[in-house]
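Here is what Swiss-Prot says about this protein:
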REGION    1-39  region 'Disordered'
BINDING   CYS137, CYS138, CYS220, CYS223  [4Fe-4S] cluster binding site
ACT_SITE  CYS246  active site, nucleophile
Amino acid sequence: MMTAEVRTPEQGGGPLTTEPRAPRSAPGHADASAPAFGPETDPRDIIRWALAAHPDLLMPSAFNLNGVVLLDLAAQAGYRGEVVFVDTGYHFPETLATRDRLESRYPELTFVTLNAGASPDDGQTPPDLYASDPDACCAARKVDPLQRYLKEQGPSALLNARSRDQASTRADIPFVEEGGARRRVNPLAHWTREQLEAYAAEHDLPVNPLYFDGFLSIGCWPCTRAVKPGEDARAGRWAGKGKTECGLWQGENKL
């Protein structure tokens, strides 16, 4: 059974604790087809539908702009579940600080960090694997830990922050993806970067400060650069590696 760092929404905060996560039995959920959501549908309505259809809904997040906006909308819509983050050992300090700021802002949510305390020297992967085989590095440090956790927890659906304008590889993302081990619900599928930025500014959300330095999509520091004018938001990820996705949402091992 995986050990995860869990930040619980106790009265007044409470210390950081490390405890084994027991598998939860997935509650029954409505096996209903998704409604015909459209570009003008309020994302909170999509989240409320997802909560009704999937009471065991779970939200992975890397706390990029999309993720921060979705987290705020989800809290408004009544989501009170887990926000699961994978510490690869290569995250920017600003990303970890953003996680901590979000945890303080949303005490009603439970923040779970998998691989807590990971570092480049922890022996999980060979040195510089990110350069020689980025797919293998992502699989070992990001995809596999989350896959194992989801297998233990057994959610029937995931709440995800991807949007169509992030990259050409995401241009056809639907609000609800079927197939695979579980549904993926994408309430922000039709939101533009301008909408996300406006919402974050209006609600004074704790956006990763690297975003304002041109890092429009932020992953691990060895494989992330600032985006150039006119590039997709995800163009700074694995630049020059012929790779556009970490493997969580596309490919044979997708969630």
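Just so you know, glycine gets a Cβ as well, placed from its N, Cα and C.
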Using all protein chains in view, find how many other C-beta atoms are within 10 Å of the C-beta of CYS220 ([4Fe-4S] cluster binding site).
23
Is CYS220 ([4Fe-4S] cluster binding site) helix, strand or coil when read with DSSP?
strand
Taking all protein chains shown into account, the Cβ-based neighbour count within 10 Å for CYS138 ([4Fe-4S] cluster binding site) is 23
Here the binding-site residues are CYS137, CYS223; the one whose Cβ sees the most other Cβ atoms within 10 Å is CYS137
